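Visitor: What follows is a structure written as structure tokens; I'll ask about it next.
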């Protein structure tokens, strides 16, 4: 036993889990577990094999020393009291508000003793204890500075543990632990609950009574607690929280751990223990097993490292599932120990001791299945579908009487009309039934929550019978001859029943039907009410506003849709529904298909109308939300239309009244004096940022002047006194940053701000920035070197063009500096003396070029900083956020003049005092996850940050290798005051807390925030991204903004004195949102679009949504109520993949758990946005996929099925509605094209009647069809689609109008249209919709990243093609063909709009590519494209068509698990294989359905006799031959080549290196020839009729696409990660390829792949050329490149970026390339042209007589 340091036999007093009073049976239990009586052996938690323990370095603790080498103590853990480390030597107290002279309930020392005691009783880590002690003290200090210390401790306890809004109290009652604790564990809580529910019949139910009395018992208990106990509970909770690591994401799990710990602490056995528990036991016995469970859900241990498991969300038991187990008593009763006893059967005080013996792997299960399927849209948003589809039915059924009229009658009978219209109710019920069935799939039916679903389903089936039954009856008995009234009465009754049903289903949340999960009184719903449906109530005003808004929107929509869509549709219906096509025939189908072609077309038109019906709602939503938002802005007083005079002349008064805490000050000083200090500080800070030149500053500052009577007085700057509005140029550079900031500051002060508190009473807050690998500071090299050949510009040049004024000021500044230092060193500046003017000019050149002349580090650093502050760097963020510290110092100095007097002239001591205050009230923590792995450059930059801002804290992850393989990880905190360790050269940490394991289990950002969250201090958090900025004048408003949390004036009454006291009843404010200003908005069109999106979403809609309680999204400058968020699962969610947009989930979480979310208008942060085309689209793809993941999440399920209807609609249209609207817009375009194709076939083959002005057919036209109303309907449709698109510009325009006036707004709109931004809008809509749909089908937020470069880099054609072909170009091209057909057959001018938008789907990526149209680059691109198409067949290349093709396939096939032979390149992460259901629908059913549609259209065209009256041969055979022909041809070619290469390849390998390439190129060329030959043959068969050929082509493409998708989805096994099989196929060498035993099966698979690939390759080849041809005409325009650049970058041609400089050799090379490939291009172009033009020109001469041809 001697080797067992820490743990002796069970009675060893140091073993925390042994019980000194146990009877012998317990000892026996230990003995049965392990020979040595070690309770841990079971789990391997401690791997205690004796051999391990002989090693001294194992986790053992040398006796008697609490700090072994295991937990190397950090800086001051060895010291005694740590007062010294907190403040500078001059300051007296570390926690000034918690000092003995303020009647504190307990001294700092006593509090520290509590922490020490808890640490020894439970085995917490020392460093964690010190960290949490400091945390608690800062929190108490922050609260006590604005109330009495007693009250501070009381409210803190109420917030954490026992108050009305404390999460712990809510959980305690939700999980019904009150029953458990009161009745004892002998009765199982689950059974206990059933009893209370059964007795709930008479009067006030027993359940309610017991709940009320329990609440009162709880309140009494809390009220009677001593302050000592209260503090001990807070301390225990924080210690549990501080070491929990990833378990912090599961708040109720933490509550359970805390409760067990608390029960144990109160038990006698804990109190009687003397020996301290070894450090780190809590982490190992309680947290690690839970952490391991969570980790192993997503990762498996392979070959010494963790690898992501291939599981989708529905198979992973994530944080939320684990957490929800603790919501219900049934869940808690599932927790079992190793010996199968249940934890609930053990008395509460003993439960904590058993934690290490819980078998977690058997406990948890999924509580909600996040299955990938579009049915989520049905379940979560069923009310949206019901409102629209049922209304559409009511409208349309009433307006298409002919559809259900008896065969001979013109109109149906009245009864039938009522009844047919009434079926809308049946439609609504049907949607509900499907939604309910889908809901069964997402909820585990084992739980007690499916009963209400079954009840609902039965009820819905009854309603369905009521709403459909009468129709059948009426259809049977309805006979105009019988005059019976029964059918009519039945019909009317049925109609009203269905109206009531529709209203009920569209208003009532489905979660509240049959078992109200929101407001039901039954105890069983209590948990889900508490945690998912405690929505904060709205005040009366906003609630009425919310209802009014939705009544307006739907009122307008239903009126407009009825008159614009439905009645205009009744015309086409009337003429089309009865039309039978005469005289057509088909070989196989006779006239069955073709005679009904018109009703087919009508059916497609119905679908079209329905989609437009959906789009209308969004249109009205945008209009009214903008109106509301603008009204709200005027109500808040935010608008440019307030006269200039008003805003600026009153500014000094407003600064005094609103920003300064003037209520507390004695009026010794004139307001002017105080205001002048604030104002001058703001102006000087702008001067320091080079926004203002010295002349401007002079005119903006307050100056001291001599007044006539000899006193010194302050003169207000002319800026405030000048009366005119046109003075901008005099005071700041026109349209510059300074003007924007000052005017925003001025106008923001016109709104109502909460009163500020004095600085020393304001709450403490922390800014937290997660940082992964973003740039910290730009290096000189990055600034003055071009990135690559395509960039054409250095970063510095680019920035100088964007900020010319600021560069100018910077240079002047630098020159002054340089002259000063020269004078100081006594050297003359130039050899000529300064007399020579010209010399002076040349002398200054280096300054203007690169900002320095001598490369001394201080100068180069200045340039680096200047550039870094204008790019998206961490340095910019830090220096911006550090303005808080400046602002606090400034306010403290201004408001407390006595402080300044006290220190007299001693500026050092004054500065120290101000520093102390700033440090006490504001903390800044950066979570630099990778800090310990930084390279030298990053380390230097981080070090520079710490030196520049010593108060900056950096939290990072530190790894420590252990002998056992898995490294131990620590959360470590350092700041600029930490001293260096002489041995390692690193800074010594302030705190170093061990984590249960690697914290990064999810997508990174939220885990990064979570590991650093224990180092925040104070009451509020501001979460900032590493691409933001802040300004001094905004930071001055910090006290006002923190006032928005409504916690400034807390009543002095105890929160426990009575429940429901009005002070403590209001829902707490969880999040305060603020505005973002996008500082990249003026960088060309794309930057401006991105900025505009953010302005409208982040500001305009947020303003209206926050007012009516719909703002969920927290963007990044938002302030969070740290205590509220951290007791409810942290500031963001972290399950990998699912929580891709981690912050939105935090908002939804806060909202569902009862936190209010506000939006403030008067504060803004800067934020950078992506600027290049690729980066914007990557960002949109990320948002889109993130949205797809949100659709799956349980939060959407709760919100969608539980919110009342007006708030539900607000939530829907504010968040997912935007994306679903995008999907519908794209669908509308596609459906409309199909409609046009079908109408085109009618128009082409049938004689259309001429009509007179009244619209009646003119007589005497035999055998004509009246389709004129249909063409009117088409025009209306196009107008509708056009409006929906156009409306997306409205919000931005109005936003500009309100904020910057009419001129600016019109100018910005004009700029957008001239810069082709509508093209970009169409394209981005497609990207959004494609990313959501592919995410819902295949999952996996994957996109090929393109980085955050500037928008000036030219990207080559092949890269753009491979990136956007899948998402958009293919679809665009297919649609383009349909449009071509429609244009040939039903030309109307309205189609021009469609040509533009469909073309933009194909060419947008190229239009927004810088310098796309420069001739030389275009041709060089062409060369690159040809190479890209053909490489990668003899040896693998990084970028080739083949690689692109494989990558797009893997979504469906997935990769092979085992990596054989070759190391794999990670092409697209580990993509899980898509589920067969998803594939079945999207990849097999849908393409075949589309192909079928086009075949029907084609067969209709071909079913008429030709001019000589011969019946044509069967079109089916013809289309089959032409569609499948090329594939058969490819298969034949490939087989021949396969055997050739198999026999010749190995022999010729030595002499002919290129053998594989030759084989591949033969195959590819033959495939291309084949596809073109088949098309030409087809065209010949069509007798050179162009429109028939196009329709045939559409059909052929649809069929081939369906066949290819079918082959890929059905026959392909998983991919290898390497492309060896491809090379093997061409070279014939199959051995030695690392295929192992697959070498036999692979050739067969590869054969199918190759057949598909040949078709794809030839179509891509033709497509690429087509795109190039489309883009050729602009190239021929002179100066197009200049014009294009002006459009993209909004720079005048003179300001534009110079063309790249090439050396003579490069020029020669380029010239030769251009010549060679230019000729090739022209040749190919003429060949393509010939293939199309020759048949058209010589159509009459080219005839063959072949008998075969006439038969197919």
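Placed from the backbone N, Cα and C atoms, the Cβ positions cover glycine too.
Note that TrEMBL annotation is computational and uncurated.
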Visitor: Can you identify, from 309-332, 333-356, 621-644, the stretch that TrEMBL calls transmembrane segment?
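Guide: Transmembrane segment, as annotated by TrEMBL, spans 621-644.
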Visitor: According to TrEMBL, which of these ranges is transmembrane segment: 1343-1363, 1364-1384, 1427-1447, 1448-1468?
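Guide: It is 1364-1384 that TrEMBL describes as transmembrane segment.
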Visitor: Report the listed stretch (416-437, 457-476, 1273-1294, 1556-1580) having the maximum count of Cβ pairs within less than 8 Å of the transmembrane segment (598-615).
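Guide: Ranking 416-437, 457-476, 1273-1294, 1556-1580 by Cβ pairs under 8 Å to the transmembrane segment (598-615) puts 1273-1294 first.
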Visitor: For the transmembrane segment (457-476), give me same-chain residues lying six or more residues beyond its boundaries with a C-beta closer than 8 angstroms to one of its C-beta atoms, as numbers and ranges.
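Guide: Non-local partners: 415-416, 419-420, 422-423, 425-426, 429-430, 432-433, 436-437, 487, 490-491, 493-494, 497-498, 501, 513-514.
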Visitor: Report the listed stretch (416-437, 1223-1242, 1478-1500, 1556-1580) having the maximum count of Cβ pairs within less than 8 Å of the transmembrane segment (375-395).
Guide: 416-437
Visitor: So what pLDDT does the domain '1,3-beta-glucan synthase component FKS1-like' (228-340) average out to?
Guide: 91
Visitor: Would you say the transmembrane segment (1223-1242) and the transmembrane segment (1478-1500) are in contact under the rule of three or more C-beta pairs closer than 8 Å, pairs 6 or more apart in sequence?
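Guide: The transmembrane segment (1223-1242) and the transmembrane segment (1478-1500): touching, yes.
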Visitor: Quick check on the domain '1,3-beta-glucan synthase component FKS1-like' (228-340): DSSP residue counts for helix, strand, coil, in that order please.
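Guide: Taking the domain '1,3-beta-glucan synthase component FKS1-like' (228-340) as a whole: 72 helix, 10 strand, 31 coil.
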Visitor: Same chain only, please: residues at least 6 beyond the ends of the transmembrane segment (1364-1384) with a C-beta under 8 Å from a C-beta of the stretch. Say none if there are none.
Guide: 1177, 1229-1230, 1233-1234, 1236-1237, 1239-1240, 1323, 1326-1327, 1330-1331, 1391, 1394-1395, 1398-1402, 1404-1405, 1444, 1448, 1586-1587, 1590-1591, 1593-1594, 1597-1598, 1660, 1663, 1666-1667
Visitor: May I ask for the residues of the chain that lie six or more residues beyond the transmembrane segment (1223-1242) and have a Cβ under 8 Å from a Cβ within it?
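Guide: Tertiary neighbours of the transmembrane segment (1223-1242) are 597-598, 600-601, 604-605, 607-608, 611-612, 614-615, 1265, 1267, 1270-1271, 1274, 1277-1278, 1281, 1284-1285, 1325-1326, 1328-1330, 1332-1333, 1371, 1375, 1378-1379, 1381-1382, 1384-1386, 1394, 1397-1398, 1493-1494, 1497, 1500-1501, 1587, 1591, 1594.
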